[in-house]
Structure formats: structure tokens, C-alpha cells
Amino acid sequence: MNEEYDVIVLGTGLTECILSGIMSVNGKKVLHMDRNPYYGGESASITPLEDLYKRYKIPGSPPESMGRGRDWNVDLIPKFLMANGQLVKMLLYTEVTRYLDFKVTEGSFVYKGGKIYKVPSTEAEALASSLMGLFEKRRFRKFLVYVANFDEKDPRTFEGIDPKKTTMRDVYKKFDLGQDVIDFTGHALALYRTDDYLDQPCYETINRIKLYSESLARYGKSPYLYPLYGLGELPQGFARLSAIYGGTYMLNKPIEEIIVQNGKVIGVKSEGEIARCKQLICDPSYVKDRVEKVGQVIRVICILSHPIKNTNDANSCQIIIPQNQVNRKSDIYVCMISFAHNVAAQGKYIAIVSTTVETKEPEKEIRPALELLEPIEQKFVSISDLLVPKDLGTESLIFISRTYDATTHFETTCDDIKNIYKRMTGSEFDFEEMKRKKNDIYGED
């Protein structure tokens, strides 16, 4: 432990493990520690089920009907991977995919007027969908064709829209789309949590809809993937990558002090020993005085013995409740997975509800989502602070990740990873570069 490292990483959340893997591949000497005895930090999957009961201080042990505790791997943070998104690219380029198995989520649903409807995943489904009327469908189709053909590098595809100036609100007007379709597009396809995006330049939204369509095109049922045995497999996959490249891992390591001299980090003290470093990466829990709270997220893990009604008995799905439908500023999400993903006992389903907290009574805010899940066998409620670093870390060389937000995919997490990478190295994160470095070491073409 009394050694000199290029980078020390504290916490084994997904952000930390990916950065640790990338830094190791880049030839840096990395020491990675976590005070917990398990991988994953805030984004861990908890097993056995008994540990989940203890964690949420639920008295007694799980009833017999829950099956064997070891058959459960319950995510603390509900997220899916966009099939064509940044995290999948990171997994492919680093070949961490060899440690993981994925399943396509069976469907995405959207809540409207108290009922849930399937988000169409084919042209035929779109035509048959009762989400919108016939004329609306034609206009919507025209809009989707425009988005599909849109190419940032080819102004001929802009059709009079300036992607850096025209707002999304004006683009919707141009295609004469009604409020329901706008809600559906912004929240179920572009996956925005609020309506702030309407007055922003439209290129970001167009790219998000493209990401959704391209992800959907890869597998057909939905744009989302989920790893067998739970999301806790992801940080472990990147930890393995780091280890292959000489990274050192230590779990169950109490961190006594982050040592700072003249405003810069020089090392970490643990169990009386000091490991020195040039840069430090950590999650907010290790540096409470260097982060600030910008909001809260409520998450409720629900154990069910039945698929969710009106989802065609799907054993995995996502439900989006757009904020307009329930008089809120931000959407409510439901992520559902089940025994089919080796995360629950046979015949059991796990549905996790999440949203950004807006009132003094967060549990009331998510009632519309819980009503869709009835009857619920057991609930585990958590309210977490959203923490962000107070500064960029370029002075102290302490680079702090953000806590996981209420979105149900990893795109914002990947943005944070790329952002920290740039702050640490001064250069943009380049997927292709990553691939070349790996091939140099493995000797592949």
C-alpha cells in the first residue's frame, strides 16, 4: 500500500470503475479502494434478499413465499442501457462485454389519461396504436422521417431549421404536432424528465430521438438492454478490465483521510498506511465537504408476484409517466425486471419507481406509479440527495463523480465519465482511441 500511484480511485460505483478501467488501459498505475465489502457503491445490486431487508431496516426476515434469498440480486438504482448508447459503446470497445450477458427489455410503455399504452416499436404498431389519431399519425410520421434523415454535416437535411438556433418548440410547430404527441416525443422517445428542453436549440432533442430509433432498430422489441444478474455486474466487469491492466483493487478498506498539501491531493491514508497519488477520483460519499446538494430522488423498490397489468405479461419493461399527465414538473419512471434476468426468485418481479422529488411528501408524488403495480408484496423506499462537485477538481486534482439521477438510462452517467476524463487528461474521450490501445496490448489488428 505504501506506494506511489498515478491515480487512486475511491468507491466502486459504475462511474469510478469505468474511469479506473480506462486509466489502466491508458497505462496509468491505478489503486482502487472501497470502504464497502461489495462492488457497486450507490449503484450496487444487493444479494441475498436478507441484506436488502437489513439495509432498509425492515423487521424480520423475508417470508418463505420470496423463495431463496440467494436467488435475488436487487439493483439500488434502476437503469437500462440504450442499445446504441454510449455505455454499450464503452462496453464493446473495452471488450467488457465478454464478462456480461444482456437481454432486450420487452417493451416501453407510456401513461396517458390513467392508462398505459405501448410505445410503438414498428411501423405496424404505430399505425395500430391508439395513442394518437390517424391525421396526427401522418404528421408524426413526417416528423420521424425528418429526424431519421437529419444529418448535422449536411445542411440540405435541415429543411429551413437551424439546429443550433431553432427551438424544439418551433420544430414541433413546423410539423403541426399536438400536445399529446409532443409529450410522447419529448418524454418517451427523447427521454427528457422535464419540459425545459422545449426552449433549447433542437439539435440535442433530434439526436436523442435518433439514439432512441437507432437503439430500437438494433433489436426490435425496445431500445433497452439489461444485464443478467443485475446492474452490479457492470462495475465488476470494468474492475476486471482494470485488473487485467495491472490495476490494484481493495474492498472493505476504511478510508481515514484524503491528504491534501498546498491545495493539491497527494495521497490517501487507510489503516495507518499512506498511498500517494497524482490524481484522485471518488464518489461524493468520500468528500462530503466538496459536494453540494442540488435536489433529491425518491426510489421505491417493489416486489410483485405478477407482471404489471396491460403490459402483455412482459417480464421486463419500462413505463414513463409524463409530468403533464400527473401535474408535475418531472416524469415518474417505472423499471421492471424479473426472474427471467436471474435477479429474483422464480415467478417474482421487481418494479422500481423513481422520480425527482418536488414536494415535502415524496411518497405521495409517486402514487400514480404505485397504483399501476398493485398488489405489492413488499416496498423498500429510499430518498437520496443529488450531489454534484463544488468545483471541477482541476486545482485540487480531486475529481468527484455526480450521484445517479432519476433518468432510467446511463447516458447522463456516461456524460459525467467523459467530462471527468476531459478534466483529468485535458483531451476528449475518444472511443476509437480506446479500441486501438486495447488492440496494441492484445496484439489484435
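Yeah, the Cβs are placed from backbone N, Cα and C, and that goes for glycine too.
Look at Swiss-Prot and you will find MET1 tagged as N-acetylmethionine, backed by similarity to another entry.
When other Cβ atoms within 10 Å of the Cβ of LYS57 (N6-succinyllysine) are tallied across all protein chains shown, the result is 7. For LYS57, the entry in Swiss-Prot reads N6-succinyllysine.
In sequence order, LEU131, ASP180, PHE184, PRO322, GLN325 constitute the residues six or more apart from LYS112 (N6-acetyllysine) in its chain with CB-CB distances below 8 Å. In the three-state DSSP classification, LYS112 (N6-acetyllysine) falls within a strand. For LYS112 (among others), the entry in Swiss-Prot reads N6-acetyllysine.
Over all protein chains present, the Cβ of SER130 (phosphoserine) has 9 other Cβ atoms lying within 10 Å. Marked as phosphoserine by Swiss-Prot on the basis of similarity to another entry: SER130 (among others).
All protein chains considered, the CB of LYS269 (N6-acetyllysine) has 15 other CB atoms within 10 Å. Residues or ranges marked as N6-acetyllysine in Swiss-Prot: LYS269 (among others).
Sequence annotations record features per position, and here Swiss-Prot assigns phosphoserine to SER382 (among others). Reduced to three states, the DSSP call for SER382 (phosphoserine) is strand.
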(request) Enter the number of other CB atoms within 10 angstroms of the CB of SER382 (phosphoserine). (result) 14
